[in-house]
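Residues or ranges marked as active site in TrEMBL: LYS11, ASP129. Positions annotated as ATP binding site by TrEMBL: PRO92, SER93, ALA94, ALA95, GLY96, ILE97, GLY98, GLY99, GLY100, SER101, SER102. The feature domain 'GHMP kinase N-terminal' is assigned by TrEMBL to 68-122. Taken from TrEMBL, the feature domain 'GHMP kinase C-terminal' covers 205-261.
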Amino acid sequence: MTKINDFAPAKINLTLHVLGQRPDGYHLLDSLVVFADFGDRIEVSPNSELALSVEGPFADGVPTGEENLVLKAARLLDPVRGASIHLYKELPSAAGIGGGSSDAAATLRALGEMWGMPLPGNAMTLGADVPMCLDPKAARISGAGEGRMPVEGLPAMPAVLVNPRVGVPTPAAFKGLATKNNAPMPDVIPDFVDVTAAADWLAGQRNDLSAPAREIAPVIDDVLAVLDDALLARMSGSGATCFGLYPDTETAQQAALRIAAKRPDWWVAPVTLNP
Ligand SMILES: C[C@](O)(CO)[C@H](O)COP(=O)(O)OP(=O)(O)OC[C@H]1O[C@@H](n2ccc(N)nc2=O)[C@H](O)[C@@H]1O
Ligand SMILES: Nc1ncnc2c1ncn2[C@@H]1O[C@H](COP(=O)(O)OP(=O)(O)OP(=O)(O)O)[C@@H](O)[C@H]1O
């Protein structure tokens, strides 16, 4: 029986500038997004009914009914066709790293291949992060999430992802913004010789959702504090996951071990953020 596997990598917003708000309430973004070599896995196979099974360290709490983004993605592609979908959940949910969105995008790719269908143009209806996850490579994201310009010239970046196991609801983080009309990134994102040069430039950029997310979940300050040996530490998306960039893989792995020993209740993952 034909089985198709796909990978749903964690999405990291290296920057997240909020430029304004549309009349429908959605915010206009200017965000530099990369994807980790760590994430969920999807396996699809032919089946008469549409069925979803979920396992893995973060399976608990992931909805298994029609509200799961994986099933919504399948229904977007074909409202009636059946498939068996298995989701292996490695990523914490509601964590600012696009877990559900990346799962939905991987489902669209895998079922699209199995059913011989192109990727839909309306993936945005599943969530603002889904279009950027369809082609999980470094990109500058604009609009409410639908605009995507590939970004060349980023190095592979050793990093540590840290989540304090506190969820931040995305709408609440946007609602808490003190100012909605903030400055974009510079027009040109330079090429960087290495992760240190990238971190230096990123330090001059922002995640505008960081301040409201820290109001909602003050533990984010503790997460940023344990990443104080990183070249750069910042929150991703609407939080609460933060990333620290490190000069090399070994240093990142050592930092991850140190943080995991200090905070055994937190989720800590040494990763590489791919260009
Ligand atoms: C914060 C980011 O993760 C950055 O990549 C995304 O903007 C959010 O992506 P997402 O979780 O897929 O977002 P959705 O599920 O579409 O939206 C959740 C909620 O976030 C708010 N939202 C989202 C995206 C956006 N550009 N403006 C918004 O104001 C809206 O209140 C929306 O109801
Ligand atoms: N496949 C899925 N995996 C995780 N959560 C899902 C999934 N499908 C639906 N959800 C629901 O979506 C909510 C948001 O989860 P998700 O992991 O996508 O958030 P996030 O990482 O904050 O996303 P983003 O960075 O896009 O804002 C969860 O609380 C959960 O109820």
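Placed from the backbone N, Cα and C atoms, the Cβ positions cover glycine too.
Ranking the recorded positions PRO92, ALA94, GLY96, SER102, ASP129 by how many other Cβ atoms lie within 10 angstroms of each Cβ puts ALA94 at the bottom.
Summary: among the binding-site residues (GLY98, GLY100), the fewest other C-beta atoms within 10 A of the C-beta are counted at GLY100.
Over all protein chains present, the Cβ of LYS11 (active site) has 26 other Cβ atoms lying within 10 Å. For the ATP site, the Cβ centre of PRO92, SER93, ALA94, ALA95, GLY96, ILE97, GLY98, GLY99, GLY100, SER101, SER102 serves as reference, and the other residues of the chain with Cβ at most 8 Å from it are ALA10, LYS11, LEU91, GLY237, THR241. Checking the recorded positions PRO92, GLY96, GLY100, ASP129 for a CB within less than 6 Å of any atom of ligand 2 leaves GLY96, GLY100, ASP129, listed in sequence order. Taking LYS11, GLY100, ASP129 as the candidate recorded positions, the subset whose CB lies under 6 angstroms from any atom of ligand 1 consists of ASP129. Residue counts of the domain 'GHMP kinase C-terminal' (205-261) by helix, strand and coil are 28 helix, 9 strand, 20 coil (DSSP-based).
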